[in-house]
Amino acid sequence: MKLQQNCDLELRLFPTSYDSDSSDTTSVVESTSSGNPQPNEESQRITIFYNGKMCFSSDVTHLQARSIISIASREMKTKSSSNGSDPPNKSTSFHHNQLPNPKASMKKSLQSFLQKRKIRIQATSPYHSRR
């Protein structure tokens with residue numbers, strides 16, 4: 001069984017060149033408490049990002065982590081081969097087109113905050129007085 005070549009399993013690092021351009025892609029990141037691999041530990045914590053969801057597990061053995069990474073790499077290879085060549089990063093172009101005007105966004109946020117604050121104040125006042 002051959003694992004993904006650009007994934008260093010000994011350091012448990014996932015390559016930084018991976019583009020997560022769709023919500024149904026899989027990526028795996030394993031983290032330890034100190035950041036350095038600890039060979040004495042039987043199991044370690046792992047964080048899995050799958051289909052737009054984040055899952056945590058604190059009892060994953062080294063063999064299980066390798067299996068998860070292997071399955072994820074096979075799924076990514078299958079999806080990339082079915083799409084042909086790698087598509088451009090859609091998420092960055094989407095975010096650039098969807099960024100609102102910062103001033104308008106701040107104004108809308110402030111108005112929403114003030115409205116909610118007004119409602120909270122009215123709800124907590126003993127006589128529900130209107131101002």
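Cβ from N, Cα, C; glycine included.
What Swiss-Prot says about this one:
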COMPBIAS  16-34  compositional bias 'Low complexity'
COMPBIAS  79-100  compositional bias 'Polar residues'
COMPBIAS  122-131  compositional bias 'Polar residues'
DOMAIN    39-74  domain 'Tify'
REGION    14-44  region 'Disordered'
REGION    74-131  region 'Disordered'
MOTIF     9-13  motif 'EAR'
MOTIF     105-127  motif 'Jas'
MOTIF     106-113  motif 'Nuclear localization signal'
Average model confidence [pLDDT] within the motif 'Nuclear localization signal' (106-113):
92
Taking a Cβ cut-off under 8 Å, which residues six or more beyond the ends of the motif 'Jas' (105-127) line up next to it in the same chain?
none
Sort the residues of the domain 'Tify' (39-74) into helix, strand and coil with DSSP and give the three counts.
13 helix, 17 strand, 6 coil
Per DSSP, what is the residue count of the motif 'Jas' (105-127) in each of helix, strand and coil?
20 helix, 0 strand, 3 coil
